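Okay, structure first, notes after.
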């Protein structure tokens, strides 16, 4: 099998196999070919990962931040040097075209390692003067963290979680999605090669039961999950039993509002990126595209023209712009949503069919005349299916954009920047864009509100989610006691 790793797991600095665990076949979504076969972590593997992480963390936390940073920076350099090889593996694992993985996946992971390497030595406490006495604070690592990844950006997510955790003195046990398990193993290898002490970043494979075993272990201080809302609810509840720190980056049904003074080509380009990039499998996608009535038909006509020109096919072809969905199960789910949109009265503008057999392909699909009550406007599809809704006034657009239980992201396109800032200030979303969409630089915090999650990935804000504050009162004079 062309992508078979040395072992299913990576624990305490080396590959680890236990074939008594349930098999995990890894399928290349473009052909249905099995490219690797891994095994779920057994209780013994889980214990080895947690024990080695807990054991290694204290010495790592005691290391000077600049020394930790040096290791992470080396890992970032190694990733960049091997970007082509790693991107090929990412394409095999996810089905995303090389045109994407070469620029968006491991590249962002390398950025995260580099950013947090640079930030780590600058994380300091504060001094609070109290006359003769004073208080100083220390930011301390939380300890042993658990990261749980999603299948859409497996390697990027692994890096986004590992980078702040390790930079700030924590250890991490990471469980990738069982659908895309390969990239995290490469990250673990690279970190060891860069000089990371064994045990600090362990990778274990498995389905929900493995995640539950990790999240509920008494040694775990923090859980960071990227996943669906139902999974997030379960993990959040399990973590709450031990009063653990949590970061939850969950699903979305994000609005993209296009006013009639917007640059039409840019707005259409953003809507396409926010619905068709990675075959629509991005949590922050702007899948509810609100277009002001006066430009709706012009918007739809040009959108259909550009969508029909998207080149689909073999993800290993560097000219291909859109690959398959990640699995047969995801294909069936997306096709069911398309049929429901038809049945509920959506006007099909383009696409709407499975495409490019064999493989899990769906055409870029656009429905117009979608109403807020339709399933397509309420539920996360996670596929290349765009819902276009029309609106008349700014106030209407804001109210309807916020009429959802999700709150991950939102976008506004307009030539009036005063209006743009005014609208963004009222949108209930953790991450917003003005005249852009789905750009997530690691320097900026990313995360949602409402059912889309708690906490933030990336940026300086992530420091608060991987450290805790110790407050130290220093008395400089005699103690004045009343007894």
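Cβ from N, Cα, C; glycine included.
Annotated features in Swiss-Prot:
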BINDING   27, 93, 179  K(+) 1 binding site
BINDING   149, 150, 151, 175, 176, 177, 178, 228, 229, 230, 231, 251, 283, 380  NAD(+) binding site
ACT_SITE  161  active site, charge relay system
BINDING   243, 450, 453  K(+) 2 binding site
ACT_SITE  249  active site, proton acceptor
ACT_SITE  283  active site, nucleophile
MOD_RES   283  cysteine sulfenic acid (-SOH)
ACT_SITE  457  active site, charge relay system
Between C-alpha atoms, which of these binding-site residues comes nearest to residue 249 (active site, proton acceptor): 93, 243, 450?
450
If I take the Cα of residue 93 (K(+) 1 binding site) as reference, which of the binding-site residues 149, 151, 176, 229 has the closest Cα?
151
Where does residue 179 (K(+) 1 binding site) sit in DSSP terms: helix, strand, or coil?
coil
Output field, K(+) 1 shell: CB within 8 Å of site CB centroid, site 27, 93, 179 dropped:
26, 28, 29, 94, 95, 151, 180, 181, 182, 326, 327
Which has the fewest other CB atoms in a 10 Å radius around its CB: 27, 179, 229, 243, 283, the listed binding-site residues?
243
Comparing the binding-site residues 176, 178, 450, which residue's C-beta has the most other C-beta atoms within 10 angstroms in this structure?
176
At the Cα level, what's the spacing in Å between residue 231 (NAD(+) binding site) and residue 450 (K(+) 2 binding site), rounded?
15
Under a three-state reading of DSSP, tell me whether residue 457 (active site, charge relay system) is helix, strand or coil.
strand
Candidates 27, 179, 243, 453, namely the binding-site residues, that fall within 10 Å of residue 151 (NAD(+) binding site) by Cα distance:
179
Are there any residues at least 6 positions away along the chain from residue 161 (active site, charge relay system) with a Cβ closer than 8 Å to its Cβ? List them or say none.
145, 147, 149, 172, 174, 224, 226, 457
If you count Cβ atoms within 10 Å of each one, which of the binding-site residues 149, 453 comes out on top?
453
Roughly how many Å lie between the Cα atoms of residue 178 (NAD(+) binding site) and residue 243 (K(+) 2 binding site), rounded to a whole value?
27
Please report the Cα separation of residue 453 (K(+) 2 binding site) and residue 229 (NAD(+) binding site) in Å, rounded to an integer.
8
When the number of other CB atoms within 10 A of each residue's CB is tallied over all shown chains, which of the recorded positions 93, 151, 231, 249, 457 has the maximum?
93
